[in-house]
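Swiss-Prot annotations:
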BINDING   E22, L23, E82, D287, K356, R363, R364  N(1)-(5-phospho-beta-D-ribosyl)glycinamide binding site
BINDING   R115, K156, S161, S162, G163, K164, G165, Q166, E196, G197, F198, I199, E204  ATP binding site
DOMAIN    120-309  domain 'ATP-grasp'
BINDING   E268, E280  Mg(2+) binding site
Amino acid sequence: MAKLGTPLSPSATRVLLLGSGELGKEVAIELQRLGVEVIAADRYADAPAMQVAHRSHVIDMLDAMALRALIAQEQPHLVVPEIEAIHTETLVQLEQEQGLRVIPTARAARLTMDREGIRRLAAETLGLPTSPYRFVDTEAEYRAAVAAIGLPCVVKPVMSSSGKGQSTLRSEAEIAPAWEYAQTGGRAGAGRCIVEGFIDFDYEITLLTVRHAGGTSFCAPIGHLQKDGDYRESWQPQPMSSAALARAEEISRAITDDLGGWGLFGVELFVKGDEVWFSEVSPRPHDTGLVTLVSQELSEFALHARAILGLPIPVIRQSGPSASCALLAHGEGVPYFNNVAAALQVPDTAVRLFGKPSVHGHRRVGVTLARAETIDEARAIARDAAEAIGVELRP
């Protein structure tokens, strides 16, 4: 896309975001900076990206007819999936029927909408190293898979994210409740799950991999801390051996080359010494990549915007040791934030409040960011800033 138009005019370059959370919000901001007309869609009103878009729509993106109608109405030049819960078969059909441009491709969106498609591609088609795994549909199959793989192991719904429905099993007593949670906690309700063997890794990373007009570029590796399958902290760069980094880039290039298209991919990997295992990939900016808002000259969101528009990415510069820490809210209500000033008193500290309209249960509502001389210092500053901010929920 060599030419860009003017928003809200006949020449406008229109981008439709399918999913309007905090990551989509940052993508929308970067697209706005490049003069793109942004349309944001999600299943609920006033989602974060809707607050910075030119127009927004509330639809069930798993409804094929509603999705077709929205695309017909808006006539976007690019469709950018920002979440998994989309009727991706419709995108595949529209790509074939009308030449609809889906980022990175409709096939990539379909394969990565659940864990089965991408795991089978990585392990069985490409031969990439992964943990042992089995897919199960019933409790009997699940129990047989746990027995075959052994404890400890992990069970996840094939369609979920942010740790929803996910459990780590370390004892026989956890087998039954983990199945129940997998059937009730996933985004798509009860259904198929993956049981994975537990890899005794030293650390896990996200390798942000950008496919763009000039080739493939890699960001510095991002280390992260997960709790209950959900991101809590991330930092960049994660120290690792040159051999492990080379292997991580090799695996990331293999999976993203197969998925194709342009855009940023978040490739999750386990590392032990010089050994690297593939875990998952998202064909879009990654939550652990929020740290790049301060750690890189071009954040993951700016890189994604440039890549999908066909703009050059000559270099990715790092700004030094940096960290992020998630702000969490628990309960019911509208979030209010106290003591933001206290969090910002330390130099090289930043805060992003996502603007989520409400909280129901457990939700990430913001992030603190910090730069320092070392990773440990940056992590401590980001944590202290997050602890300083009190998140209050009101009716």
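Cβ from N, Cα, C; glycine included.
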From E22, E196, E204, R364, the binding-site residues whose CA lies within 10 Å of that of E268 (Mg(2+) binding site): E204
Residue among binding-site residues R115, E196, F198 with Cα closest to the Cα of D287 (N(1)-(5-phospho-beta-D-ribosyl)glycinamide binding site): R115
Cα-to-Cα gap, R364 (N(1)-(5-phospho-beta-D-ribosyl)glycinamide binding site) vs F198 (ATP binding site), nearest whole Å: 26
Cα separation, E280 (Mg(2+) binding site) to E22 (N(1)-(5-phospho-beta-D-ribosyl)glycinamide binding site) (Å, whole number): 20
From L23, E82, G165, E196, E204, R363: binding-site residues whose CA lies within 10 A of E280 (Mg(2+) binding site): none
Residue among binding-site residues R115, G165, E196, F198, E204 with Cα closest to the Cα of R363 (N(1)-(5-phospho-beta-D-ribosyl)glycinamide binding site): G165
Rounded distance in angstrom between the Cα atoms of R115 (ATP binding site) and E82 (N(1)-(5-phospho-beta-D-ribosyl)glycinamide binding site): 16
Spatial neighbours of K356 (N(1)-(5-phospho-beta-D-ribosyl)glycinamide binding site) that are distant in sequence (at least 6 apart) but have CB under 8 A: G21, E22, A47, P48, P335, R363, V365
E204 (ATP binding site) versus L23 (N(1)-(5-phospho-beta-D-ribosyl)glycinamide binding site) - Cα distance in angstrom: 21
Separation of alpha carbons, E196 (ATP binding site) and E82 (N(1)-(5-phospho-beta-D-ribosyl)glycinamide binding site) (Å): 26
E82 (N(1)-(5-phospho-beta-D-ribosyl)glycinamide binding site): secondary structure state under DSSP, collapsed to three categories: coil
Other CB atoms within 10 A, centred on E280 (Mg(2+) binding site): 19
Local confidence of the domain 'ATP-grasp' (120-309) - pLDDT mean: 95
Site of maximum Cβ density within 10 Å, from binding-site residues R115, R363: R115
Three-state secondary structure, R363 (N(1)-(5-phospho-beta-D-ribosyl)glycinamide binding site) (per DSSP): strand
